[in-house]
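Summarising the annotation, Swiss-Prot assigns Zn(2+) 1 binding site to H59, H61, H141, D162. The Zn(2+) 2 binding site feature in Swiss-Prot is assigned to D63, H64, D162, H400.
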Amino acid sequence: MRIVPFGAAREVTGSAHLLLAGGRRVLLDCGMFQGKEEARNHAPFGFDPKEVDAVLLTHAHLDHVGRLPKLFREGYRGPVYATRATVLLMEIVLEDALKVMDEPFFGPEDVEEALGHLRPLEYGEWLRLGALSLAFGQAGHLPGSAFVVAQGEGRTLVYSGDLGNREKDVLPDPSLPPLADLVLAEGTYGDRPHRPYRETVREFLEILEKTLSQGGKVLIPTFAVERAQEILYVLYTHGHRLPRAPIYLDSPMAGRVLSLYPRLVRYFSEEVQAHFLQGKNPFRPAGLEVVEHTEASKALNRAPGPMVVLAGSGMLAGGRILHHLKHGLSDPRNALVFVGYQPQGGLGAEIIARPPAVRILGEEVPLRASVHTLGGFSGHAGQDELLDWLQGEPRVVLVHGEEEKLLALGKLLALRGQEVSLARFGEGVPV
């Protein structure tokens with residue numbers, strides 16, 4: 001049994017790992033490269049898609065599923081296994097990707113082909129491919145997110161996918177993996193633990209209360225899948241503590257995900273399930289309006305506060321949030337709240353550095369609004385959670401992280417006696 005990384009090797013995006021065992025070739029994830037690595041989506045995979053026997057997808061984020069249509073474009077015609085929640089979310093995610101790609105590397109016919117080959121596989125169900133057996137475990141990162149267990153040739157491999165932050169309320173905690181000979185593990189936040197979630201929520205509510213009380217707008221850049229809905233859940237469960245104000249979900253894609261959530265109840269935490277069992281939707285706080293059309297979005301810029309606006313893109317790479325920032329950052333009554341990762345060199349990181357003004361959509365905008373960064377909302381496991389999950393002293397190969405963060409985690413694993421290395425693109429690792 002061997003595992004060969006073809007993405008997310010000493011980087012965060014592009015997850016794709018080829019498992020070779022029992023005469024079978026199984027691809028674990030097929031993710032898009034993003035940010036400065038985007039051009040690599042046009043490059044060959046590094047293996048022949050026509051020779052792959054099956055694909056397993058851990059969750060519906062683009063950096064794990066975004067090259068799947070390209071795989072079909074280049075000749076793959078086999079099954080694609082994912083949990084039912086991932087299957088349903090992928091239709092939204094891949095169709096949206098078609099609209100936002102600057103230089104498309106697949107077309108609508110490839111998306112249709114890929115979606116037609118999806119096969120649901122639930123947690124704990126074993127998939128048999130000859131002498132190879134595979135199953136999903138709960139990863140707690142998105143509804144339906146999973147890690148993969150692969151057994152064959154007398155060896156066991158675990159691939160973490162993306163592991164969730166276990167302090168959060170919306171999703172179940174990640175399950176512990178079985179004993180394994182090798183774990184291919186993510187290390188997105190391998191260099192630090194997260195701030196406690198309860199403290200993060202408390203600070204978030206204080207920002208909202210202050211800003212709304214003075215008639216301001218709270219501008220929240222959000223990811224359309226999971227993070228936007230999580231913030232809505234916080235507003236639902238704590239809204240009674242806040243001044244009354246409209247809440248605008250200014251993201252049609254996030255709105256589609258929101259509409260899907262009642263069909264995914266069993267993938268949420270027991271706390272969330274309890275709300276649904278009482279006939280309530282805890283992702284729809286009082287005063288919520290989903291903004292579908294561009295003209296309605298622009299009208300929010302002219303409307304007075306108080307209000308809460310959630311809009312994409314979460315990393316300010318484009319989208320409606322840029323118009324809200326262009327019109328809102330110059331008003332000292334307003335607040336900009338980052339609840340997700342902001343990459344170095346991006347507009348978000350520039351704003352966090354608090355210059356007197358920033359350039360948005362071709363205009364210099366004075367930065368007078370308050371700016372807040374709340375890292376405790378992260379959807380990834382922090383360093384302490386990763387160390388806990390990797391108990392049992394398996395050999396570990398680290399993926400899905402910037403090199404310095406993987407090195408920091410690797411050092412701690414080595415200090416407790418575990419054999420650890422960092423993945424290299426195209427270099428196979430024996431299990």
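For all residues, glycine too, the Cβ spot is worked out from N, Cα and C.
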Reduced to three states, what secondary structure does DSSP give D162 (Zn(2+) 1 binding site)?
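Note: D162 (Zn(2+) 1 binding site) is coil by DSSP, not helix or strand.
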Highest Cβ count within 10 Å among the binding-site residues D63, D162: which residue is it?
D162
Could you give the Cα-Cα distance between D63 (Zn(2+) 2 binding site) and H141 (Zn(2+) 1 binding site), in whole Å?
13
What's the CA-CA gap between H64 (Zn(2+) 2 binding site) and H141 (Zn(2+) 1 binding site) in angstrom, rounded?
12
Within a 10 Å radius of its Cβ, which of these binding-site residues (H59, H64, H141, H400) has the fewest neighbouring Cβ atoms?
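Taking H59, H64, H141, H400 as the binding-site residues, the minimal 10 Å Cβ count falls on H141.
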Given H141 (Zn(2+) 1 binding site) and H400 (Zn(2+) 2 binding site), what distance in Å do their CA atoms have, once rounded to a whole number?
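H141 (Zn(2+) 1 binding site) and H400 (Zn(2+) 2 binding site) have their Cα atoms 14 Å apart.
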Look up D63 (Zn(2+) 2 binding site) in the DSSP assignment and reduce it to helix, strand or coil.
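SS state of D63 (Zn(2+) 2 binding site) = helix.
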If you skip the near sequence neighbours and keep only those at least six away, which residues in the chain come within under 8 angstroms of H61 (Zn(2+) 1 binding site), Cβ to Cβ?
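Listed in sequence order: G31, V93, L142, D162, V225.
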